[in-house]
Structures are given as structure tokens and as C-alpha cells.
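Engineer: A single structure is presented below for examination.
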Amino acid sequence: MEEKKTGAAAALALLNQKFPVADVIAGTKCERAIKWELTIGDDLKPKWTHSIVCVSIEKTPFAKGSCRTAHKLKDWSQPDQGLVGKFSTNKKTTRDSYFTDVLMQTFCAKWAEKFNEAKPPKPITFLPSYVYELIDHPPPYPVCGGEPFIEGDYKKHNNNSGYVSSDARNTPQSFSHFSYELSNHELLIVDIQGVNDFYTDPQIHTKSGEGFGEGNLGETGFHKFLQTHKCNPVCDFLKLKPINQSKKALLRGTLPVVQLMDFHDAIGLNGNGSGPKNNYDMNYFRNGGGAQQPISLDDEEKMLQEQLERIRAQQQQKSKPSPPLVKQPSGNNLHKQQSPSSPTSKPVPQIVKTPSQSNVVNKSPVSPPKENSNVKLEQDNINNNNSSISSNNDNSNNNNNNNDNINNSSNSSSVNSNSSSVSSSSSSSSSSSSSSTTNAAPISIQVSRNSPPPQQPIQPSSAAASASSTSSSNVPTPESTSTSSMEQTPDRSEFEKWDLTSIKNIDTVRGLQSECITGDSLRLYSGSNDGQIGVWDAVELKHVTNIKAHGKSIRAVIKRPGFDQNILTAGADSLVKEWDINTQQTIKEIKESNEVNTIFIQDNLLYTGCNDKTVKVWDMRSYECVKTLSGHTRAIKSVCAMGNLLFSGSNDQQIYVWNLATGTILTNFQGHEGWVKTLYAHNNMLYSGSHDETIRIWDLKTTRCVNTIKCKDRVETLHVTNQGIFAGSGDWLQVFSHDKYENLASLNTRSSILCLWRNQNQLFTGSLASNLKVWSWDKM
């Protein structure tokens, strides 16, 4: 019983961090994978889709063939279905060949539908197939095929060189004959194998011999089949022409040929027998011919959280009865979730004192610039009139945090006498709600989708004034003249008029995958998933060089204000580094306790958000951690600051607003139904983007959500100007007006946008597709 609880706890812990290689849940090794699926709609155009899943693969194969090994595979996005993972034993097998196999099997499934419409004695099915890229391994990532596991005797009925099984059944042979006749002798489907009439791993021969992999033998394959095939009663039943008689135009079959040939055109197969329009090596999809080629890895983890919760749910069911889990909303069930009638309690953010010089490694001595004001931060006790906060213990059922309230202790007092009191409302499971005004403390706001409850305003200036007037508090505040990493380039958008409806792609710069980006008028700097910093010429629009910076993926990169040649990077290797770009050398290095997802600089303060659920405040003069802000229940994905306020967004769907003078929480913004991936503060407004496919706009004067913008996909990154809102929403670059929030433009970039950076009227978008796209628009 104790072991099962441990397994469930391990699964819960993994919800708050990137899923690492070879973690063990209930005795099973698990890892992340990109899952690629091919679908064919009624328009007969193939379309690739992908998601990140959690998989468990048995090391020892349960079957071996001449070309591949078969392993039991568990995909936690389909926890009730057993799968087979197929790995090629040929070292020369390419990544594209796995996608070609999936295309052939999906293509044959379309032919099987037509075969079944003819009402044969036994219908047939080609198993759905997938491609899994195991992304927790060093590049190039291992790849395997996947399909459902079917119990029974596996048999090969024929192959691509004319072989026919001695106990050949009628149905598989007639299907090969059917494909040959119904395509007007343009193609032939062979290598029929599987369990009963569930088929897999087919091969397609085309008349020209082009496309569909190296197994396509062209007319040689036709000849071998014709030599060995013997028509059977199913062939007669389907009224197929006897095999060795010439037939060119007239088909006696009962199925329409035109629709199938339209499908051939959709994938590039010419009806005149000239074969595929492109030699099928996935370039067809890469060039946009009917579908999007899976050319990039998407580091987003849309379904991982839900899958890991399934793991935990299984373990809880085995151990003891437990209340049903409320699943993390995903892109499939947005706006359908119902809030629980009785919200559970949740820990209140607390300050954890962590003075630490030991985790800072000095690479080379650097003299900080002289400042008039002393901003050295000291670790001190919070003033006695600060709030005292009590938090309930977290439990394994605390999964849905949308309506969790923060419990305040009865002996709470006001943060400071000058701060405005804010009402905290809590709703009971019956109907009536009561609100009480306390001077105490952190508040929890219930933000409804349509009508947020009124709150008293947050006043950054008041908080700053109170901090300066409170002599007993030694916690410094940001300087009055604030310089942040969000505002380094002078912004002309306040003075110019832009026509954002005219936005267009003006260039694509090849070079490096980009998860994050920053820059200035001369250079751009991007961070990639292989730990390299990409340096780009922002004027000539070309890739300059790469710098090996981290052992794992770089999650954030920003310029240090006031230091033209210094940038900071943060990575999945738990390191934050400051670099001199001229020398390409590390100046300082911070070792965090967990993966660092986001960093932000304001004045001489560095804020880091990590997978350990905390936000840390660092003095950049001494690189000491002067404050740790705790309270989120899952990984921090975004932080930003404005004046004396700090904002943090998390996988727990919450946005916390912190008072930097005291390190206490002023309020938490609720309403998102997915991970909060990006925050942007602009003109006393906070813009938040989430995996629930929405952007929410929060008025910091009233603490209300004043608008919710529905996007096309999960929102990964935002950039806000005086004239427009730019959002990276899946594969889409979307632009919204700043005043009415109207959708001005939506452009498909064919690769998920992970980062944005703007220089005047040029926008740069980065993805994992090894390029930067450059966008521009007209001035009015």
C-alpha cells in the first residue's frame, strides 16, 4: 500500500516539471515524446497533427523481424490501449521513412474504406499508426512507429516481391487485386500482414516506381504480383477483372474510381501514371502541398499534465477509494469545465528566507556600474505589522486551482497603514456569499468569465510610498526611475500610426531553433533547445554564429539594461548565466535548485521563475538571493514587473500580484483554465496568455479582467504596444487592436511560435523550425 502511494506522489510531483528521462512511476520508466498523427478529411487532403505525450517503452522486444523490433509501448494519452512500438534495426533508416510508413498505412486505410463499401464477405481494417519522437534523448531524437497491439496470430499473407502464403486467405489477396484494378493499374497495395483482418505495414507499388519509400518496386512489383496471384471467390464476388487480361479504361468494379484518384492528386500521385509529383520524402508536405510537414519539434506540453494525472489516478484507485480528480483543462474541453461547488483550500504565498552566496559561481571579476542610490538588498525580518499567513497542507487531490481560496489567519494585520484595504469574497456551496473587509492580508479574487467581482484598486505608487515611509522595513524597493528587461528599445508606437492589417512576412532567416529571443537594433539573440545561443544580424537579417551556453534547452534570454554587451540566459539545466557577447565568456553563474523557465530584470533586481514553484529575487550587484516567494502549487512559467508590483504566472492557472516592498501577495487573478505561459505589463494593464487559448486583460487599477480574447490555439508568447497586441498562438501569429481588441490579422507560420521580439515596425518570431521569421507592416 505504501509503495502505491509513493508511485502516486511521484506522478504528482512530475506535474510540476518537465518530464525527465527514465523517471520511474510505479516501477515503470517513462519519458516524453512528440506524437505525430496523420488524418485525411472529407476533402481528401492529409493533415499532420502533433502533441507531446508521456510514454513507457519496454526495453526488451517481444518480437523481432528482419527490419525491426517490436516493443510494448504505453501512451498515457491513451492509457487504456496497449500499443506496439516499432524500431528499425537498420542504422540507415531515416526519420522521414517513419512518416512515409504512416502515410502508406493511412492511405491504405482509405482504400480499405472503399473495399468495405463493396460489401465483401469480411471487411478489413488497417490499424491507425503514429510516429513517436523521444525528445528526452540527445538529438537526433530516437524515432519509432506506433500502432495498437492486437492479440492473436500474426501472419504475412503476401509481400512486395510476389510471395504468397501457402495458406493464403481469400480476403487479403482480393484486396491487393482490388487496389490494382480500381486504380486503373496505376498502383498496387501488397505486403498485407497482421492479425485476422487487422492489417499493418503495407507496401505500395506505383507504375512509375517513384514515391512510397525504397520498397516501391514499380512495374517490377506489379509483375511479381501478377505472376503469383490466383483469383479467388472474393475477387469474383467483387467482379474484378481476371488478373491476366488486359484492361485499360473500362473497369467492371462497383466502386467509383474518380474519388480515389482525387485522393491520389491530393498526395501528389498523378492520374496519368507519372507517379508522385514529388519524390515522396516528406518535401511535399514541407512545401505546403496539402498538409503541414512535421519539420519541427514543439516543446509545448499540452497533454502531458492530463496524462500524468491519469497515472496518479490509476495509482490512487489501486490503493484506496478517493474523490474523483478534476482534470486539467486541455484544448479539447475548453469552456466545458464546471467549477466545483465547494472550493478547496490552498496555501498562501509565504516568504522563505534564503541567503545564499554559495550557489553563485564567479567566472570573472566584474565591476558593477556606480549608482547614486544604494540598492544592496538585505535579508531581514518582515516588519511586525506585516500579514501573518497560515496555509493548509497540500494534498494529492488539490488538482483544480481555479476556485481555491487563500486562508488567512485570524490575527492578520495590514501590510502597511497607507495601503488600501481590499475585500476578499468567498462563495459557499449553497448560494449566498458574504464579503468582509480586512486590513490583513493577501486576498483571493474569484474572477468569473463574464462579470468579475469588484475589487478595490491596487495602487503601485501607494505601495511604494508606504515602503519608503516604513522605517522598520529594510527590504529595498525598485528605484523610482525603473528600467526593465521588457522596455529596452525606445518605442515609437506611441507617436506613429500603424496599419497592422498590412502585416506580412518579409524574410525568413535560417540558422537555429528558437525558444526565446531578445535583442537591440543591431543584434538578435535567441535560445535553442540544444543549449545554444544564436546570434543574428538584425540589420542584414542573417544568422551570424552560435554559442554553446547550456547543457540543456535555453528557456529564457534577456539583455541586461545598461550593459550593451551583456545578456542573461536561463535553462533547463537549472543555471542562470550572464554573458559578455563580445568575448562569448560567462561573467556570472547562478545555480538554481530546479529548471529555470523565466527571468526578468528591473533595475538591479533579477527575478527567476522555476519548476520548484517559487519566484526568487536576486541582487545583481552581489548575485545573492535576497528573497524567495512561495505560494504557487505548480511550476512558474512567466514573471514580469511594473513599478513596485511583481506578477507571476504558473501551471496552476493562477496569476499572483506581489508587493515588492514587503514580499507579500496583494491579490491573485483567477479565470484561466490552462497553464499561464506568458505575461506582459503595459500602461497599467496586465496581459496574460494561457494554454486555454485565451488572452486576458487585467486592469491593475480595479483588479478586474476587462476583456478576454479568444485565440486560435494555445498562447505561448505575447508582445504589447500602444497600437496592437501580438500573440503567438500555436502555428498562428495573431494581431489584435489595442483599444477594441479586434482581430486585425491571423497568419499561419506552419510552426508553433514560441517567442516574439519587436524592433519598431519589424517583428521577429522564433520557433523550433530552425529559422526566424521577420514580419513588417505599413505606417499610416
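Backbone N, Cα and C atoms are what each Cβ position is placed from, and that goes for glycine too.
In case it helps, Swiss-Prot gives these features for our protein:
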DOMAIN    40-243  domain 'Alpha-type protein kinase'
REGION    310-495  region 'Disordered'
COMPBIAS  337-350  compositional bias 'Low complexity'
COMPBIAS  353-376  compositional bias 'Polar residues'
COMPBIAS  380-436  compositional bias 'Low complexity'
COMPBIAS  437-450  compositional bias 'Polar residues'
COMPBIAS  458-488  compositional bias 'Low complexity'
REPEAT    507-546  repeat 'WD 1'
REPEAT    549-589  repeat 'WD 2'
REPEAT    591-628  repeat 'WD 3'
REPEAT    631-668  repeat 'WD 4'
REPEAT    671-708  repeat 'WD 5'
REPEAT    748-780  repeat 'WD 6'
Engineer: Taking only the residues in the repeat 'WD 5' (671-708), give me the average pLDDT of this model.
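Structural biologist: Taking every residue of the repeat 'WD 5' (671-708) together, the mean pLDDT is 93.
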Engineer: Counting only residues 6 or more past its boundaries, what in the same chain has a CB within less than 8 Å of a CB in the repeat 'WD 1' (507-546)?
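Structural biologist: For the repeat 'WD 1' (507-546), the list is 139, 296-297, 299, 485, 488-489, 552-559, 564, 567, 569, 571, 573, 579, 581, 754-757, 759, 764, 766-774.
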Engineer: Mind checking which residues reach the repeat 'WD 6' (748-780)? Cβ under 8 Å, same chain, six or more beyond either end.
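Structural biologist: For the repeat 'WD 6' (748-780), the far contacts come to 288, 292, 295-300, 489, 492, 496-521, 524, 526, 529, 536, 538, 541, 713, 716-719, 721, 726, 728-733.
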Engineer: Based on DSSP, tally up the residues of the repeat 'WD 1' (507-546) by helix, strand and coil.
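Structural biologist: When I sort the residues of the repeat 'WD 1' (507-546) into the three classes, I find 0 helix, 24 strand, 16 coil.
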